[in-house]
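Worksheet: one structure, shown below.
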Amino acid sequence: STMRKRKTTDSPHSSTDLSEGEEKLRLKQEVGLISGVSLIAGTMIGSGIFMSPEWVLHHMGSPASSLLIWAACGLLAMFGALSYAELGTIIKESGGEYIYILRIFGSFPAFLFAYTSVILVRPAGLAAVCLSFAEYAVAPFYVGCSSPQVVIKCTAAACILLLTIINCLNVRLATSVMNIFTAAKLLALLVIVVGGVVLLAKGQTRSFQNAFENTTAGIGAVGVAFYQGLWSYDGWNNLNYVTEELKKPEVTLPRAVMIAIPLVTCLYLLVNVSYLAAMTPSEVLSSGAVAVTWGDKVLGSWAWLISLSVALSTFGSSNGTFFSGGRVCYIAAREGHMPDILSMAHVRCLTPSPALLFTSAMSLIMIISGSFTSIVNFFSFIAWFFYGMTISGLLYLKIKKPELPRSYKVPIIIPIIVLMAAVYLVLAPIIDQPQIEILYIVLFIFSGVILYFPLVRYKCHPRFLQKVTLHLQLFLEVAPTTRDAN
């Protein structure tokens, strides 16, 4: 593999500012350090920390080992993000894994990633988070009984439509929403942390006596526990999807990572300690929603605050997922791996609105069909397969291309550890408990071959597609964008 040269000339579908002379449409650099920290932390803190602790404890068997898993997941997310930070300072383009795989390994593997991510992974993840939001948002209206599925689905669909409007209107509006909701969810987690400190001060330490008792040591169980924990940390790589929209990316990217991920890791550990201070391990395991049970036990009549916090948290997380997910679709189209219309930006709002609308439509289909549950269960399998490929690309650049300019360098041992973890997380569930769904996912990824050769490699496009693109361009008021020449 050789490092693909980046085109510095303007292309018919390429990134947004106005230059002297000729007008050039580019996505604006609106994301500063605070917004960058909010994008990472705000996407990471979703429904996971309020729901996953019982499953990590279930697979690990003891409180101390479950806390070790949470710490290890945080460390792995930190190592992964630091590795991505170096990639982001070498390849200063938006698109995350997609653009790194494209520049290092070439067109075909990058297309497979874009195809899987745009059609399946991102919409499924967004649909899942929006459904979590909907469940908590409608729960107060159905006290004592389960909420009707049609109401939950309609609320989730309304959530996606609202996010579409916010993100299509203005980048600054979307980042402001992120900042506000991140602050709200951090306050909610602090309430749980303070509650835990008070309980520990009162001597409620039963869960921490013989804390390693009943620990599970099976390779598969540890792998599944990691999957559950890492679902709560997912989003550590989100800033790399919007590199071109960062102010001073070479400084902002590493700094935002170094602030956001340790902050989230510490909060997650303290929140888990608080859960275990309020409840015994058996109570945690029998709880349907551990945060709500904690609220009932500790806050009493103020327990509704926790349900509200989870709803706010999941809405903020879905906004971050939507913000970055739309960029993958936009960048892939700009590189010729998706229809041209998806590479365009709104002429006044300067947002990649066609890509955002497409992501929204795919997510709505998944909510309506309701058949995405098994896909989300294997989200980590797909994610870590491509994370591993991206990290191996960084190792290739560090060994074979040390002369490439980079403002930040990560010690080589860190990407090696992340690559080993990725291989383990992909192989452990297959070896320990092979399931037919994994085969379906692998077949879906490689079904992209059928589309790649006629549409991308040989560019066999139907003639009517140009007319459709032109009409959509006029209807949506969008225009082609130029790639940043950095």
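Glycine residues also receive a Cβ, built from the backbone N, Cα and C atoms like all the rest.
Taken from TrEMBL, the feature region 'Disordered' covers 1-22.
Annotated transmembrane segment per TrEMBL: 31-52 (among others), in sequence order.
If you look up TrEMBL, you'll see 64-85 (among others) marked as transmembrane segment.
Listed by sequence, the residues of this chain that lie at least six past the ends of the transmembrane segment (97-118) yet keep a Cβ under 8 A from its Cβ atoms are 1, 3-4, 6, 87, 91, 237, 240, 325, 328-329, 331-332, 335, 337-338, 358-359, 362, 382, 386-387, 389-390, 393-394, 396-397, 444-446, 448-449, 451-452, 456-457. The feature transmembrane segment is assigned by TrEMBL to 97-118 (among others).
TrEMBL lists 150-174 (among others) with the feature transmembrane segment.
For the transmembrane segment (180-201), same-chain residues at least 6 beyond its ends with a Cβ under 8 Å from one of its own Cβ atoms are 37-38, 41-42, 45, 49, 267, 270-271, 273-275, 277-278, 291, 294, 298-299, 305-306, 309-310, 312-313, 315-316, 319. TrEMBL lists 180-201 (among others) with the feature transmembrane segment.
TrEMBL lists 256-278 (among others) with the feature transmembrane segment. Note on the transmembrane segment (256-278): residues 33, 36-37, 39-41, 44-45, 49, 53, 63, 66-67, 70-71, 74-75, 77-78, 81-82, 84-85, 186, 189-190, 192-193, 195-197, 199-200, 204-205, 207-208, 232-233, 236, 239, 284, 290-291, 294, 297-298 of its chain, located 6 or more positions outside it, place their CB under 8 angstroms from a CB of the stretch.
The transmembrane segment annotation in TrEMBL covers 298-317 (among others).
Per TrEMBL, transmembrane segment is recorded for 354-372 (among others).
Annotated transmembrane segment per TrEMBL: 378-397 (among others), in sequence order.
As annotated by TrEMBL, transmembrane segment applies to 409-431 (among others).
Per TrEMBL, the feature transmembrane segment maps to 437-456 (among others).
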Dominant neighbour of the transmembrane segment (437-456) in 31-52, 150-174, 298-317, 378-397, 409-431, by Cβ pairs under 8 Å: 378-397
Tertiary contacts of the transmembrane segment (298-317) (same chain, 6+ residues out, Cβ under 8 Å): 42-47, 50, 129-130, 132-133, 136-137, 139-140, 159, 177-178, 180-182, 184-185, 188, 191-192, 195, 199, 235, 278, 289, 291-292
